[in-house]
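Comments concern the structure below.
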């Protein structure tokens, strides 16, 4: 693998870990309402109502993907996000209200902002709207909506199979694990893209691999250049057998990507967005539904 802009990537990763704060325990009298209020974190999101958030910064990630950073009400506010979880974004597009789920790529301990990495799909009404936002624009969001219960060392190993923007929920989980020095969970990411130019957040993902020995990242390109030395094609049984943790209740395999990849690897989610039946390569390789999670 090649690692362009390595120094810049390492700086981003180092800053991510440097932000960890020490928490002190406080004891307050139950009669002191002011003290109890002071202990409560300032939370920006609410799962029951949409709230408007203003765009603070827009960065180009690659030719069709933007990183959009939204300001929270104050620098002390946290999102209120648990890992892994998503939020719902809402906007009026062509006169119609459109609502879609997105996963923040920053974690709750990073206060004062909310970050979405969004790929502008040609027929994606809301994704196109979000990538066209400018500084000072706003977007309605509510959440969080937890995906499953994660706690440190719940699994010995987590395998991740991500395609395109399916990297975002994986990144949220990776950051949460890496920020906790007590969490020894091993992570292996099989990251599928069309070409090198399509790899979303490549520098950031590979920097974390340098910084945290428990992480391994393997790229797979379906349309590589002649110079590409990594894996090519689509996810195959041999790749899963080589890189993913074996079927075990001590391990978990997470899958997120475009529908064709989901059908091929794990089967898609049900119409009601529940996990649905496990199918595809993972079922053929004797993984069970409790050992696989579809984002």
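Using N, Cα and C of the backbone, Cβ positions are placed for all residues, glycine too.
Site annotation for FAD in TrEMBL covers 100, 101, 102, 117, 119, 125, 127, and the matching candidate from 60, 69, 168 is 168. Per DSSP, the domain 'FAD-binding FR-type' (48-151) is made up of 7 helix, 52 strand, 45 coil.
Working note on the binding-site residues 100, 119, 125: by count of other C-beta atoms within 10 Å of each C-beta, 119 ranks first.
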